[in-house]
Amino acid sequence: MDPVDPKLEPWNHPGSQPQTACNNCYCKKCCYHCQMCFLKKGLGISYGRKKRSQRHRTPASLQDHQNSISKQPLSRTHGDPTGPKEQKKEVASKTETDP
């Protein structure tokens with residue numbers, strides 16, 4: 001083993017840099033090309049910027065449809081609030097007249 005100059009940084013030591021440039025191939029040989037290729041291709045770890053996912057905007061025709069629905073009055077599915085009171089009064093009046 002050849003002695004290494006102590007003044008050189010570790011990334012400049014002979015043999016620390018691969019002789020060929022990195023490429024986009026994912027074969028076994030290229031995955032083990034260098035540490036960066038191994039992390040990126042072999043393990044699937046990349047530290048680059050993540051792409052923002054675009055929110056899908058609704059077309060104008062659908063927005064108009066939603067606006068028209070919200071302007072309509074809400075229908076009451078629970079029944080008329082005056083209904084049960086009147087029924088109780090009717091039941092009470094029937095029981096009073098029957099005896």
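In case you wondered, yes, glycine gets a Cβ from its N, Cα and C as well.
Per Swiss-Prot, the features are as follows:
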- 1-48: region 'Transactivation' (REGION)
- 1-24: region 'Interaction with human CREBBP' (REGION)
- CYS22, HIS33, CYS34, CYS37: Zn(2+) 1 binding site (BINDING)
- 22-37: region 'Cysteine-rich' (REGION)
- LYS28: N6-acetyllysine (MOD_RES)
- 38-48: region 'Core' (REGION)
- LYS50: N6-acetyllysine (MOD_RES)
- LYS51: N6-acetyllysine (MOD_RES)
- ARG52: asymmetric dimethylarginine (MOD_RES)
- 60-75: compositional bias 'Polar residues' (COMPBIAS)
- 77-99: compositional bias 'Basic and acidic residues' (COMPBIAS)
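Listed in chain order, the extra residues whose Cβ falls within 8 Å of the Cβ center of the Zn(2+) 1 site residues CYS22, HIS33, CYS34, CYS37 are PRO18, ASN23, CYS30, TYR32, GLN35, MET36, PHE38, LYS41. If you take the Cα of CYS34 (Zn(2+) 1 binding site) and the Cα of LYS50 (N6-acetyllysine), they are about 23 angstrom apart, rounded to a whole number. With DSSP classes pooled into helix, strand and coil, the tally for the region 'Interaction with human CREBBP' (1-24) is 3 helix, 0 strand, 21 coil. Listed in sequence order, HIS33, CYS34, MET36, CYS37 are the same-chain residues six or more apart from CYS22 (Zn(2+) 1 binding site) with CB atoms under 8 A from its CB.
Close to LYS51 (N6-acetyllysine) in the fold, though at least 6 residues off in sequence, lies no residue with a CB less than 8 Å from its CB. Model confidence over the region 'Core' (38-48) stands at 83, taken as the mean pLDDT rounded to a whole number.
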